[in-house]
Amino acid sequence: MYFQRASYTTVHVVERHLIPCAGEENWVDSRTVYIGHKEPPPGAEAYIPQRYPDNRIVSSKYTFWNFIPKNLFEQFRRIANFYFLLIFLVQLIIDTPTSPVTSGLPLFFVITVTAIKQGYEDWLRHKADCSINECPVDVVQQGKAVRTQSHKLRVGDIVMVREDDTFPCDLIFLSSSRDDGTCYVTTTSLDGESSHKTYYAVPDTMAFKTEHEVDSLHATIECEQPQPDLYKFVGRINIYKDKEEPVSRTLGAENLLLRGATLKNTQHIYGTVAVYTGMETKMALNYQSKSQKRSAVEKSMNAFLIVYLCILISKALINTVLKYAWQWSPDRDEPWYNHRTEHERQRHVVIRAFTDFLAFMVLFNYIIPVSMYVTVEMQKFLGSYFITWDEEMFDEELGQGAQVNTSDLNEELGQVEYVFTDKTGTLTENNMEFIECCVDGNVYIPHAICNGQILSAASSIDMIDSSPGGYRREYEDLFFRALCLCHTVQVKEEETVDGIKRGIHQGRPTSFYISSSPDEVALVEGMKRLGYTYLRLKDNHMEILNKDDEIESVLAMFCSLLLCVSVFSGEYLLFCKGADSSIFPRVVSGKVEQVKAHVEQNAVEGLRTLCVAYRRLSESEYREACHHLTEAMLALQDREQRLAQAYDVIERDFVLLGATAVEDRLQEKAADTIESLHKAGIKVWVLTGDKMETAAATCYASKLFRRSTQILELTKKRTKEQSLHDVLFELNRTVLRQRSISGLSVDCLDFGLIIDGATLSAVLKPTQEVSGHGNYREIFLEICRNCSAVLCCRMAPLQKAQIKLSKEHPITLAIGDGANDVSMILEAHVGIGIMGKEGRQAARNSDYAIPKFKHLKKMLLVHGHYYYIRIAELVQYFFYKNVCFIFPQFLYQFFCGFSQQPLYDTAYLTLYNISFTSLPILLYSLVEQHVTIDALKREPSLYRDIAKNSLLRWPVFLYWTCLGLFDAVTFFFGAYFLFDNTTFTSNGQMFGNWTFGTLIFTVLVFTVTLKLALDTRHWTWINHFVIWGSLLFYVIFSLLWGGIIWPFLNYQRMYYVFMQMLSSGPAWLSIILLITVSLLPDVIKKVLCRAICPTATERAQVKSPQRKSVLFYSENGFHVLLQSVFS
Amino acid sequence: MMASSYKDEDGHISVSGSGAPAGAVGDSLRSKKPENTAFKQQRLPAWQPILTAGTVLPAFFIIGLIFIPIGIGLYVTSNNIKEFEIDYTGVDVSSPCFDCSQKLSWNSTRPCTCSITFQLDQPYESNVFMYYGLSNFYQNHRRYVKSRDDSQLNGNEESLRKPSKECEPYGKHSNKPIAPCGAIANSMFNDTLELFYNEPNGTRVQIPLTATGIAWWTDKHVKFRNPGGENGNLTAAFQGTAKPVNWRRPVYELDADPDNNGFINEDFIVWMRTAALPTFRKLYRIIQRRNNLLPTLPRGNYTLEVVYNYPVRSFEGRKRMILSTISWMGGKNPFLGIAYITVGSVCFLLGVVLLIIHHKYGNRTNGADISH
């Protein structure tokens, strides 16, 4: 099959180093794809045929054969697993107190469960891979379409794709069944955007209509090596015709059809050439795991682990030293009743001491439990479902709820100190409406849309400053044309391809505009209402229906998104549309002052403004500009840089035409959300590219700034007057003074800072000056720390990522909806994407995605809060229960001659963390609600109670550890004094060491479980079931474990031990006593803390109406009781 | 810029990247509205108790009120139990057993006996339990605890011939397997204690000691079994095995009674249950009450006849003989009663303290509560 195919697809693929010619320096890695049955062009460089991967997608990680070794290797790369493996190996090698089963079984369990999970996922991947790799594909071979399987595609093959098919690999678009050489594509499975995008065929090949024609093409494609950016592609196609010089055409992202995208509204497209296949497609390159973010809780957990590791090692060391001190006399070392074997005796004392040390390590290793990692991971994984299940975060309009992309950061949502939010699309709807425009100083306001119908041109324009004249008329025309031409809006027809013409001609608006930028849609629609209708782009000509119902066809050549050159009635005109800050410097004439004033006025009203300017070009200027641009566009390396250079040459000496104003409404409940965040002690920063006035207006509307807020300005306008240094110091003084006056009161300290991008970069720029002038950065951060709200306007997308609050590393959250927010989202501790109008890139790159900004409130205040307290308790409790578990063993060593005799039976050692005490805490960490959801939403200030990792600070950790130590001492010495030299039974028989251990273990299991029960504030039936159930399970297991002689065990030490213990009255009494004593301190601490200095959370618990009645009832009951006692 | 921020840490593709079909399925699933169940919306009905001074107070008083009477009861019961303890190690020169303790050696054939007289001030009314106690004897040493073969003790023929290696160095003797093997069995307590009542008229009456019923029933009947079936010849069953090194007699000659011989000898079973602490006591004999009118052990002088075999002085150990009566709560144990009384009083006291706090601070929170 392979050879047969190879014989007639002669596609030569060459990877070579291009000889650096003018402008193509540094271009090292490129690939050249030869299409067609032709020889490589004469004079081409020597090439080395390069093997490319076939089109097989391999998303699976393992094969059947390497699964076990590879998976094990992967798992043991984790430090925790490796530690447990070491312990296990030590147990296998040396003579240890506990059998290897005790640590082997949990480890085996964990490893197996993980392996099964990963194996299952991999099996699913294999299945998915298989179905993709075997789906049929049409390849053009010798002028015919041949059906083959997807994975047999090679680089350079010519492929035919039909409507609704998915592209099998990354293809260069050669020709389409549509006359204009376009096709529509959806990229839902790539980036989640369901809108149709238009792709363009290579102009020279778009005429090909049959397989034969396509097959006769003689061309090479040069392009860059695969890279994951979906929206970037640089390449060129060289087409050879007869003996002429090859024709070079530039290839961009609009010519590259991506694997995974689907062809829509186009019958079929021929002649697409595979350039990237298999694992080199952009889709495959993109689905790679992102860099991992670690939560603050995880960091604390690791710190605690290190403390425990130190405790473990010091325990083992102390015991080893004491052992040898104690054994100094041979009668103790080897009394007559207890000799060593000869083999042991011959061992060197150092080796013996070392093995003893290891044995102690093994005995105490349970203090760092395997199960904690598993439980934490399960908690995170399962817990994150509550976010996706949340009905309140479901948006009917979008049909989507919240989405969790990583569950590692759940608890970080409860720790956020700074929120960085994008403005457009995040705070605002991103639903633009054209409000007005100002042409040469005159203001035009289109009337509201009347049920989508276009009003007649004359009536729709309301001229405010009417001063008719030809001069004005000309400007008006130019202005409207500019807005009709300068955009990337596409016309999307409702039904068929021919729909456009019919629809427009019959005056029925069956078509609508789509664009990645809602501003442009608003502008174009606004123009439509003003009488200039953009019809479509056809063969590089844009068609406009002008006021007089004439169709004008304009040759438009796009230079950049905001710039276009058009040939208009024989003249060359260069139009430019952009932000006022970028337009004004380039303007030489026009009514600059008037427009500027108007723009500012609009901005204060919270409208988004754009300016329009134009320039007349002479024939020669046009040619020159074209030449520069084409050259830059054909470059494969540094294309963007060179384009920018070319633009700089052209974009100058503009004549200002006017400005537009577009309104963007606030999202619903945005103000409420921001207010809640403020109350929760979270500082909100708004980062936007908008003008300061616009942004500030939005900030006031969204209650980011209140009337009482004192605004500090740090903008270019101010720094022009004073030096940056003075401004900074002055602001700093203001802030500090205010703080010293108001003292502790939080409300008075309401500062808002406004800073713009230029100043920000000046501030953050590492100063070369000597420290004398101080570090601006530090002062700036000091100011920021004292401001509850910060507005950064005029920010470049990249700058959004640069805002990092150094030094203290507060937890930051970034929220945004557009591609320009992605870097910020990736950079922040928690990145939240909004499934907005500007595509799904932000949502895709985020850690969590929510439909609307208002959902942030519940996400942080409710879910984040819950996750944090849940995981904090989980971590502390795990350490606590293992201190309780292991410390008695440590104490026992003092009474058994430091012989590493375990206190508990092997089964208990093994199952303690796996089954007796695991489920209650897991359940707690999933469903606990210390305060009701409503209370959390009602009182955002509760969020302050858990700020700065308050439940996992060292004092709290110390408290838990001390509690564990106290309990362990109670268990051990309680049992010790009860056992000391007395009979426990009523028939005079004695108990042995295993009963002693079982007694302690029983007290331990009950105490630890009841401690959790005391901490539980939210007793659902599941909690009851799991807590009482796990205690019952312990009892049943113990009865069973001691109930029979287990044939596979070589010892029967537990036989009837548990039953005998239960048959003794004093054992019951002492169990009850010891449990009570162990729980007492914690209860007292809780009650005292609550009574004397209740936290806000504790107050909120009491306030909840349901509880009030309970409390009331019990208090009344108690008073009655007391009265009867004391009277 | 964006693309470069993808970092491939694991070098593999995540699950979601399994291609278009999977993604499409995920999309259609995700677009479904989440179910409105109480569990998924975290709105399960729940009981929400809080530990306030108000709620905890009654509990403290109740605990106090329950614990103090129990403690008093336990303490009284414990005080009513009569216990007599005598050390017969023979450390002092004046002690009757001093000679025996000095010249003791494992291979002496002639047993050394000594007798100690003592006086009971009170009559022992009910059944009296006779214990021997050892001090400074580490039965809980790891090497010692595991030095046994439970399967051999359960009558397994194979283990009888080939004891587990845990028994080393007490597994084999002159190439014969030791039965019962291991350090525990080897060091079995082998003093013989006999009790005589010296009647006021001078005659010595031997007090009958019952040697059965001192081991757990389950141990005697299930866990320990002789090899060779129920009624087999013990001597034949143990043919080819060696006696433990320190034993004077082989295991099948421990007792004349076939139901108390071999592995199911109760003295042996009692010894095999290793003690938890280095100072321990083990049940030796039971003195049954025969006559309802007479006390089991009347007031008066007694003689303890000891066949002194067991050396403890090498590791500074002590040997004791204990006579004790037993109540429903076992032997004399004042600790439990005292502990109950203490905890009960502490709870009560805390209750009072909390009451004060509750009145002082509770009103404040209540006030806030009401004003809310």
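Using N, Cα and C of the backbone, Cβ positions are placed for all residues, glycine too.
Under the heading domain 'P-type ATPase N-terminal', TrEMBL lists A:49-103. Annotated transmembrane segment per TrEMBL: A:76-94, A:303-326, A:357-376, A:554-575, A:907-927, A:957-979, A:991-1013, A:1025-1049, A:1055-1080, in sequence order. The domain 'P-type ATPase A' feature in TrEMBL is assigned to A:136-198. Annotation source TrEMBL lists ATP binding site at A:Asp422, A:Lys423, A:Thr424, A:Glu520, A:Phe558, A:Lys577, A:Arg608, A:Thr688, A:Gly689, A:Asp690, A:Arg794, A:Lys800, A:Asn820, A:Asp821. Residues annotated as active site, 4-aspartylphosphate intermediate in TrEMBL: A:Asp422. As annotated by TrEMBL, Mg(2+) binding site applies to A:Asp422, A:Thr424, A:Asp817, A:Asp821. Taken from TrEMBL, the feature domain 'P-type ATPase C-terminal' covers A:843-1095.
Annotation note: A:Gly689 (ATP binding site) sits in a coil segment as assigned by DSSP. Across the structure, A:Gly689 (ATP binding site) and A:Asp817 (Mg(2+) binding site) are spaced 14 Å apart at their Cα atoms. Long-range neighbours of A:Arg608 (ATP binding site) (same chain, six or more residues apart, CB within less than 8 Å of its CB): A:Thr424, A:Met432, A:Asp519, A:Ala661, A:Val662, A:Glu663, A:Asp664, A:Asp690, A:Thr694. Note: the CA-CA distance between A:Asp821 (Mg(2+) binding site) and A:Asp422 (ATP binding site) rounds to 7 Å. With respect to their backbone Cα atoms, A:Asp817 (Mg(2+) binding site) and A:Asp422 (ATP binding site) stand 8 Å from each other. Annotation for A:Arg794 (ATP binding site): same-chain Cβ neighbours under 8 Å, separated by at least 6 residues, are A:Ser581, A:Thr688, A:Gly689, A:Asp690, A:Lys691, A:Met692, A:Asp756, A:Gly757, A:Ala758. Outside the transmembrane segment (A:907-927), and at least 6 residues removed from its termini, the chain residues within Cβ reach (under 8 Å) are 98, 101-102, 105-106, 109, 366, 369-372, 375, 378-379, 382-383, 870-871, 873-874, 877-878, 881-882, 885, 997-998, 1001, 1005, 1008-1009, 1012-1013, 1015-1016, 1018, 1020, 1022-1023, 1026-1027, 1029-1030, 1033-1034, 1037, 1041, 1054. Between the transmembrane segment (A:1055-1080) and the stretches A:76-94, A:991-1013, A:1025-1049, Cβ pairs under 8 Å are most numerous for A:991-1013. Averaged across the domain 'P-type ATPase N-terminal' (A:49-103), the predicted model reaches a pLDDT of 82. DSSP assigns A:Arg794 (ATP binding site) to coil in the three-state reduction, outside any helix or strand. Of the listed binding-site residues, namely A:Thr424, A:Asn820, the sparsest Cβ surroundings within 10 Å are found at A:Asn820. Within 10 Å of the C-beta of A:Asp821 (Mg(2+) binding site) there are 32 other C-beta atoms, taking all protein chains into account. Its Cβ placed at the centre, A:Asp817 (Mg(2+) binding site) has 31 other Cβ atoms within 10 Å.
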